[in-house]
Amino acid sequence: MSKIFVNPSAIRAGLADLEMAEETVDLVNKNIEDNQAHLQGEPIEVDALPEDMSKLQISERRPAQFTDNTGGKEEGSDEDFYMAESEDPYIPLQSYLEGVGIQLVRQMKTGERFFKIWSQAVEEIISYVTVHFPMPLGKSTEDKSTQTPEEKFKPSPQQAVTKKESQSSKIKTISQESSGPPALEWSTTNDEENASVEAEIAHQIAESFSKKYKFPSRSSGIFLFNFEQLKMNLDDIVKEAKKIPGVVRLAQDGFRLPLRCILGGVGSVNSKKFQLLVNSDKLGKIMQDDLNRYLAY
């Protein structure tokens with residue numbers, strides 16, 4: 001009877017995927033609870049308000065149309081204020097997000113990349129919200145009863161020059177904003193993109209956490225080293241890996257990362273054992289060759 005051996009790295013990678021999926025589901029549920037916090041509060045009792053406040057009437061009519069018959073419509077307004085549970089738009093949204101979270105967990109169990117799965121889920125959620133929660137048309141909130149007629153006046157020559165300068169500065173600002181941030185800094189300004197990049201780097205490192213890579217030694221030979229021997233947390237390894245040129249760009253595109261180059265770069269800075277064993281001159285050449293080979297794809 002043959003025995004089935006399971007690679008420990010595969011188990012660690014699966015556990016890391018499940019943890020990320022659970023954190024994603026918890027984050028979605030927390031956002032739903034925060035968005036529904038206003039629905040969980042207790043209504044204000046009118047009898048508990050001061051005596052002057054109970055006489056106020058809230059309506060969209062003009063001040064000239066206010067009358068003293070406030071008692072006839074209080075009962076109907078209370079019924080209209082509260083929304084029935086079947087009409088609450090957040091209930092189907094919560095069910096939809098829970099379904100998305102379950103689907104994410106299933107896809108990650110099959111071995112699909114987190115960056116690809118999360119990008120598709122974000123697009124689906126945006127399309128769902130766009131369809132079911134359309135933006136209301138802009139309404140004029142100006143109160144004509146409180147406005148005063150505008151007085152026309154001619155600006156002085158000095159004011160005209162100042163106005164032209166301010167307009168030109170606004171035009172320059174708008175043109176700079178429309179051109180977008182520089183290409184080298186766009187990834188640092190987008191928190192969601194950074195989270196996806198870090199998740200992709202962590203996923204690939206976790207898959208090969210115990211795999212040993214060959215490095216040149218000081219004794220003109222080679223030695224084997226892996227990420228476990230760094231004795232570092234995965235989050236710290238990811239932070240150091242992002243400092244290596246080209247790694248962030250490869251993770252954004254969902255390509256394979258030069259893990260030996262990452263291990264060499266992190267080990268040469270954070271591991272004394274690695275520093276004592278490695279030939280630093282040959283290490284730099286190997287890291288550069290790995291980067292060039294992976295970036296060529």
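Including glycine, each Cβ sits where the backbone N, Cα and C put it.
As annotated in Swiss-Prot, motif 'Nuclear localization signal' covers the listed stretch 211-214 rather than the other ranges in 211-214, 215-218, 251-254, 267-270. Mean predicted confidence for the motif 'Nuclear localization signal' (211-214): the pLDDT average there is 91.
Scoring each of the modified residues (Ser210, Ser271) by how many neighbouring Cβ atoms lie within 10 Å, the top position goes to Ser271. In this structure, the C-alpha atom of Ser210 (phosphoserine) lies 16 angstrom from that of Ser271 (phosphoserine).
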